[in-house]
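The structure appears right after this line, and notes come after that.
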Amino acid sequence: MIECALFQPDIPQNTGAILRLGACLAVPVHVIRPTGFILSDQKMRRAGMDYIAMAALRQHDDWNAFDEWRRAHGRRLVALSTKAEQPLHDFAFRDGDIILMGRESAGLPDDVHAACDARLRIPMQSGARSLNVAISAGIALAEALRQTGLWPAATP
């Protein structure tokens, strides 16, 4: 199973969109606190719609609590970062990976970068700084699911 983790998200609409994505793709979503909003925020609920109830959401009090959880479960942590050298498509995902998304306002701090098993970037046109975090999560999750064959069963 591929999972997604959000490091201290700032924008409720992005978190709602990623929870909806997780629900549709059968990908659990971890939210690492503190967040820049209350998880019951109306904007988050609007973006996630009724899919939030379907989402497998796990909340962690802080980075240390999340890192302890993932190490105890033997999970590889794969960060998406504009600072990374390795392109997303050159990485070999495997079952059990957790894709870590940085904060919209600040990305990932250096100590979190250092704790990750891999750091990847999404190739972009020269001059483009970054993609929206929800769009980036969709791109990365699609690639990880494609590589591992872990797409959810098709629905009629």
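Please read every residue number as a count from 1 along the shown chain.
Just so you know, glycine gets a Cβ as well, placed from its N, Cα and C.
Unlike curated entries, TrEMBL annotations are predicted automatically.
For Leu80, Gly102, Ile122, Ser130, the entry in TrEMBL reads S-adenosyl-L-methionine binding site. The feature domain 'tRNA/rRNA methyltransferase SpoU type' is assigned by TrEMBL to 5-141.
Distribution of TrEMBL features across the structure.
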residue: Leu80; record: S-adenosyl-L-methionine binding site; CB count, 10 Å: 26
residue: Gly102; record: S-adenosyl-L-methionine binding site; CB count, 10 Å: 23
residue: Ile122; record: S-adenosyl-L-methionine binding site; CB count, 10 Å: 19
residue: Ser130; record: S-adenosyl-L-methionine binding site; CB count, 10 Å: 16
What is the set of residues, excluding Leu80, Gly102, Ile122, Ser130, whose C-beta falls within 8 angstroms of the centroid of the C-beta atoms at the S-adenosyl-L-methionine site?
Ser81, Thr82, Met101, Gly107, Arg121, Leu131, Val133, Ser136
Across the domain 'tRNA/rRNA methyltransferase SpoU type' (5-141), what does the mean pLDDT come to, as a whole number?
92
I want to verify one value. Collapsing DSSP to three states, which class is Leu80 (S-adenosyl-L-methionine binding site)?
strand
When the domain 'tRNA/rRNA methyltransferase SpoU type' (5-141) is classified with DSSP, how many of its residues are helical, how many are strand and how many are coil?
54 helix, 27 strand, 56 coil
Quick one: largest C-alpha distance among Leu80, Gly102, Ile122, Ser130, binding S-adenosyl-L-methionine per the record, in angstrom?
13
